[in-house]
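Marked as domain 'PH' by TrEMBL: 17-114. Residues or ranges marked as region 'Disordered' by TrEMBL: 137-187, 312-331, 357-390. Taken from TrEMBL, the feature compositional bias 'Low complexity' applies to 159-173. Annotation source TrEMBL lists domain 'SH2' at 194-286.
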Amino acid sequence: MSNRVVHKRRATITDLPLYYSGHLRKKLTKEKDFKKYYGELRGATLFLYKDDTQDTYTEKLHLGQLKSMQLHSPYQKKTPTIFTLTLQTEEVQLQMDNSVTGEEWRGYILTVVKKEIPSKLQLLPGQMLQLQDALDQERRRNPTTQRPELPPRPLFLCTPSPFQSPPASASPSSTPPKDKTDNSPEIPACFFHVSRKEAEHMLKVNPECGSIILRPSTLANNYALTLRQQTSSGPILKNFRVTSTNVGFVIELDTAVTVSSLNEVLNYFLEKTEYRLHPFIASQPYDTHIDMSPVPNVLTTVPKAQVAPMLRSETKEKLPLPPTNQDDGDYVMPDDHDPKLKSVQMDRELEAVLKLRRESHTETEEVNTNQSSEKPPSAAVHWSGNSSTI
């Protein structure tokens, strides 16, 4: 395969403009030895190939997440130049053959990431013009706008997932971010805030619920898609990365595909699999048996009412004195302290009592007289017999 075909193939796969390329070495800070690669800076991504003849990249670095780029040692003409790149999740070291090549790499990387040419670059005027052309092309391709934030989780997914272990302690970072903009992308119903391992477990345990899960990626502001596909040799699990950019979402396949929303990401996979897969929707449990309600307990006896005991007065009530018959011409003086009035009142009360007794005595004698006159005739004969005998 000729170099021209290789470069054309790379441009088709990455779908990004080429700004700079060359041989370099790369390793992580925890690794000991550097590995040789052929690097291409396309857009804000550094693609690494095993050699210049390979059309598919082996690794790539997202330089849009670059925090800093530091020179490991001072420039020297005959010694390699080493840069330490601090990314969002890792630190990478790049080694160039000499200081001239190292300065070019530094200029292009910082220009693409910062959207401006760094000051104090040790480059020739022709190199600076090429760097300006790359900057103009990158600004047209990727205008400077605020990167969209990770969309918030749907409300019905805010509760902990049964497949996700609960956090050790609640913290503000565990709560979903608030939607600050009205034009945030819509989230499909198959989006779950789970890891790759948890997503694969959900698809294995519940195949009837679906075969595609969208989830957050380990990289900030990116996503991943996990699917379970049935093959002749059995079900297999695959994971795909979806990169969030200012112009949309990039599905990182052999030929990168850019769509405008997460729903289109889902639709793309559905179309490519001829709709044999479907989104994962968590099933809700339903009851299948109706239980009879128990009969309420009814009281068979009426509870007795508690009545407070009657309080009797310790002092007997005094009966009122009988009224006295007063003549029409007599008047009662209001002064109770007059001794003459008291004696007159007592005399009248005594006369009233005596009068009542006489009346009662008279009634008693009348009753006895009536009883004696009503005796039977036998009694009269008896007494007469006795008198004749005598």
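Any Cβ shown, glycine's included, is placed from N, Cα and C.
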Reported in the order helix, strand, coil, what are the DSSP residue counts of the domain 'PH' (17-114)?
19 helix, 44 strand, 35 coil
Helix, strand and coil residues within the domain 'SH2' (194-286) as assigned by DSSP:
24 helix, 32 strand, 37 coil
